[in-house]
Structure formats: structure tokens, C-alpha cells
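Colleague: First the structure, then my questions, so here it is.
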Amino acid sequence: MVLLNSSTGQAEKDSPPNLSLRGYQVIDRVKTASEKECPGVVSCADALAIVARDVTVATMGPFWEVETGRRDGRVSTFSEPLTNLPPFFANISQLISMFRSKGLSVKDLVVLSGGHTIGTSHCSSFTSRLYNSTGKDGTDPTLDSEYIAKLKSKCKVGDQTTLVEMDPGSVRTFDNSYYTLVAKRRGLFQSDAALLDNSETRAYVKLQSAATHRSKFFKDFGVSMIKMGRVEVLTGKAGEIRKVCSKIN
């Protein structure tokens, strides 16, 4: 899962996880247009937060009011996302701890994990579950055996380039089908499977996997995104409003 570190105005990695080149281009276009109309007003952090919301809506997901007024950091470091964003191999204790350190709850954790309904991942992020784990033939015993076979057909040992859908069959639609997969032990990452290892997160997964409507998840997702957008924001005279998002002023 990805905490939108850039949306808080904190220093961001040059290529944060799950943000494609196309995504950067969209943000740059938004920033260019806003600078033309009202120079020095809309930060890159706000542009990122707004684009994230609009992409969610465009993929049939929920709408939420994005709080604006963030400022951008003056320093970008490669290592900061690695220490602030939960890794794909995290267990439930690590996930809960990292979210709580940012003022986010266990519910926020399981709700925001639902963002994995959109997007793809390189095989390298989960092949350890296929070839280097504790189960039969090196597979992860917490991963469904049929799903293992499907993943192995796509991802060979050492594959660094192949992309796999995080929510097969729903990769371009924002819905709650992610939870159905997790409940069936078909969560792609170890951090997805970990949601079954805590009573609160497991209960939410089961609730959403049985839900016939997405309204509850959509409402929860909007609330959690607003909370995440408040994490360690820079406001007032802190930081700056970048003229170009790829570099400081």
C-alpha cells in the first residue's frame, strides 16, 4: 500500500511506488495550468492530492473533498519513502505500527489497502512468496494454491519486468473486489495477506468481501484519504510552492 507522502508536502522520492510516468505527466499538466492562471498558489502537493482523487473518481470510485493549502518540501531524498511507506513484505504488526506513527488507525490501514483494487505490480515485489517461502516447493502457505500456479505461469524466478494486476479482472475499476481476493487468500503482496492476521482488519475484509454494494467502502475510503492528507503537512511559511514539481525553486 502507498501513503501519499508527496501529498503532505514532505520530501518525495523521485519515483514513488505505483505512480507511473503518465501520472507524473498529468500532475505536471495540472501544475502548468494552475501556474498560468494563478502563479504561486497551487502547490505540487495539492496537485497530487487532487489528481489522486480525480483518478479514483474516473475509475468509478468515490469522491471526497480534498483539503488544500499544503506547501511543498524543499528537500527530496531517495530514502525517505523507504522509511515512511509500508513495504509490500510487511507483517500486520509492522503495518499497524507504521500507520499509527502517522496518526492513522487500524481501520485506516485496512480501508486504504483497498486502493490495491487499481494498478499493477512487478513480479519482483511478490515472487519470494512463489519460490522462496516456507511452504511446499518454496511457496507461501498463506497464498491460495491455484493462485500460486497462475502467478508462476506469469512470473519466473528472477523476473524483474513483467507486470501483474493487483486485482485481476478489476484493474481499471475502483471497487471492493480486492477484499474478496484477500478473503480467498489471493492478496498479491504479503502486506495484503497480513490483513487476515488481525481481528479488526480481518473483520473488515470479510464484511467487504460479502458486501453487495460498495457504498460503505467508498465512504470509508474518502474519510481515510482525508485523514491521510493531513499527515505531517507543511503550511503557512514552511516549505515553498514549487514552480515546477520536479525541482525546488
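Note that Cβ sites are derived from N, Cα and C of the backbone, with glycine treated the same way.
Okay, these came from TrEMBL:
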DOMAIN    1-249  domain 'Plant heme peroxidase family profile'
BINDING   Glu12  Ca(2+) 1 binding site
DISULFID  Cys44-Cys245  disulfide bond
BINDING   Pro86  substrate binding site
BINDING   His116  heme b binding site
BINDING   Thr117, Asp167, Asp175  Ca(2+) 2 binding site
DISULFID  Cys123-Cys155  disulfide bond
Colleague: Hey, which of the disulfide-bonded residues Cys44, Cys123 is the loneliest by Cβ count within 10 Å?
Modeller: Cys123
Colleague: Listing them in sequence order, which of the recorded positions Cys44, Pro86, Cys123, Cys155, Asp167, Cys245 have their Cα within 10 Å of that of His116 (heme b binding site)?
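Modeller: Correct set: Asp167.
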Colleague: Which value does the mean pLDDT take for the domain 'Plant heme peroxidase family profile' (1-249) in this predicted structure?
Modeller: 89
Colleague: List the Cα distance (Å, whole number) between Cys123 (disulfide bond) and Asp175 (Ca(2+) 2 binding site).
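Modeller: Cα-Cα, rounded: 23 Å.
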Colleague: Would you count the other C-beta atoms found within 10 angstroms of the C-beta of Pro86 (substrate binding site) for me?
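Modeller: The answer is 22.
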Colleague: For the recorded Ca(2+) 2 site formed by Thr117, Asp167, Asp175, name the remaining residues of the chain with Cβ within 8 Å of the site's Cβ center, in chain order.
Modeller: Gly114, His116, Ile118, Ser170, Val171, Thr173, Phe174, Asn176, Ser177, Tyr178
Colleague: Can you tell me which of the recorded positions Cys44, Pro86, Cys155, Cys245 is spatially closest to Thr117 (Ca(2+) 2 binding site)? Compare CA atoms only.
Modeller: Pro86
Colleague: At a 10 Å cut-off from the C-beta of Asp167 (Ca(2+) 2 binding site), count the other C-beta atoms across all protein chains.
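Modeller: For Asp167 (Ca(2+) 2 binding site), the count of other Cβ atoms within 10 Å is 27.
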Colleague: What is the nearest of the recorded positions Cys44, Pro86, Cys155, Cys245 to Asp175 (Ca(2+) 2 binding site), using the Cα of each?
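Modeller: Out of the listed candidates, the nearest Cα belongs to Pro86.
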